[in-house]
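Asker: Dumping what TrEMBL says about this protein:
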- Arg53, Gly54, Ala55, Arg90, Gln203, Asn254, Lys255: substrate binding site (BINDING)
- Cys164: site 'Transition state stabilizer' (SITE)
- Asp244: active site, proton donor (ACT_SITE)
Amino acid sequence: MKVLGKAMRSIWVEADGWSVGVIDQTQLPHHFATARLAAADDAARAIRSMLVRGAPLIGATAAYGMCLALRQDASDGALERAYALLVSARPTAVNLRWALDEVRRAVAPLPPPERAAAAYQRAAALCEEDVAINRAIGERGLALLQEAWARRGREGRVNVLTHCNAGWLATVDWGTALAPIYMAHDAGIPVHVWVDETRPRNQGAGLTAWELGQHGVPHTVIADNAGGHLMQHGLVDLCIVGTDRTTARGDVANKIGTYLKALAAKDNGVPFYVALPSPTIDWALQDGVREIPIEQRDGAELCDVTGRLPSGELATVRITPPGSPAENHAFDVTPARLVTALITERGVCEASPDGLRSLFPERTQAGA
Ligand code: MRU
């Protein structure tokens, strides 16, 4: 996608041929800055501190973290240490474990001197796969937006509500939930996006609004609690969100607040779609509410707000009384019954065991 008119991805190998470049997402939308990762520790820190975030990008960063570790020490012990370091960086997005497993499977059978090169090859391939998956999700989802546009009699605009950031910043390119929106916009469908601010870290207000703006997609930032009201007044044609882990029966973990949007959508007859790349499916799990680990982050993310002063300087201010405790549950789970359909790279399916298996027949419920 484009930044200041220039095409770029969210992660790349630097000109030195080994270190890894990423966009520092903690500085957006105020500053566009990149960061260089030179060791597995850097990659783990970038994931933990959310310099990079979004399930697919967390996976890609972890894959390159393995490359950086193996470059320094390609022994069996170092491989396992890097895996353990990176897999514990964040708990909810299953893409992290998936990407690490992919790299480990590719390099473990090789003699140590061949491992680093093979890891770079696998990490690069994972990134290309992510781009292809997201492009396919975009194409599948575009059909849903074309239908919504037809339902409107091609009048006005198609209003899509999204939560958090499931755009290209959260992936290697295109995004998942935003890919259909970019394609619809490029195809001339007048699409407008209601962007949930997404407290506490404001991935909607800061990241989704920024990347939609970079691509020229009309959008409006709304308070997290506004979606239900907009739906009651017919101002939302459909919702599309991303996911960090979806179980074999179609329960969907995503950024905290997603569940409430799904409830409001159900109550108002608004279709609620989840864009789901297959590496985000945890085939070993069924009951998302009970089984998906939910990340608990520092309460300070809730109590402190960072923004830009009129002088251009950034400032962080506290909005809660001193001494008030805060809990920061970073994700919630939307049960499959509230999801209208899943948009995968292989097609759109019902959020159910049968729906998922119809598109991924090679998988069994036992986690094959
Ligand atoms: O905490 P974050 O910013 O990593 O959470 C990201 C989300 O919840 C996204 O919606 C999800 O990862 C899907 S990204 C394509």
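Heads up, the Cβ atoms here are built off N, Cα and C, so glycines get one too.
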Asker: Determine the C-alpha span of the substrate site listed in the record, that is the greatest distance between any two of Arg53, Gly54, Ala55, Arg90, Gln203, Asn254, Lys255, in Å to the nearest whole number.
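Answerer: Pairwise Cα check on Arg53, Gly54, Ala55, Arg90, Gln203, Asn254, Lys255 gives a maximum of 17 Å.
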Asker: If I take the alpha carbons of Asn254 (substrate binding site) and the residue listed as 'active site, proton donor', what is the distance between them in whole Å?
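Answerer: If we compare the Cα positions of Asn254 (substrate binding site) and the residue listed as 'active site, proton donor', the gap is 5 Å.
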Asker: Using C-alpha atoms only, work out the spacing between Lys255 (substrate binding site) and Cys164 (site 'Transition state stabilizer') and round it to an integer in Å.
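Answerer: Cα-Cα distance, Lys255 (substrate binding site) to Cys164 (site 'Transition state stabilizer'): 6 Å.
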Asker: May I ask you to report the DSSP-based helix, strand or coil state of Ala55 (substrate binding site)?
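Answerer: Its secondary structure by DSSP: helix.
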Asker: With Cβ-Cβ distance below 8 Å and at least 6 positions apart along the chain, what are the contacts of Ala55 (substrate binding site)? List them in sequence order.
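Answerer: Expected: Ala93, Val94, Asn95, Leu96, Ala170, Gly242, Thr243, Asp244, Arg245, Thr280.
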Asker: Which entry in the list of binding-site residues, Arg53, Arg90, has its Cβ near the fewest other Cβ atoms, using 10 Å as the limit?
Answerer: Arg90
Asker: Which residues, in sequence order, are found in the same chain with Cβ within 8 Å of the centroid defined by the Cβ atoms of Arg53, Gly54, Ala55, Arg90, Gln203, Asn254, Lys255 at the substrate site, excluding those residues themselves?
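Answerer: Once Arg53, Gly54, Ala55, Arg90, Gln203, Asn254, Lys255 are set aside, the remaining close residues are Ile58, Thr92, Ala93, Cys164, Asn165, Ala166, Ala170, Gly242, Asp244, Phe331.
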Asker: Cα-Cα, whole number of Å: Cys164 (site 'Transition state stabilizer') versus Gln203 (substrate binding site)?
Answerer: 5
Asker: What does DSSP say about Gln203 (substrate binding site): helix, strand or coil?
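Answerer: DSSP assigns Gln203 (substrate binding site) to helix.
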Asker: Only counting partners 6 or more residues apart, tell me which same-chain residues put their Cβ under 8 Å from the Cβ of Gly54 (substrate binding site).
Answerer: Ala93, Asn165, Ala166, Leu169, Ala170, Thr171, Gly242
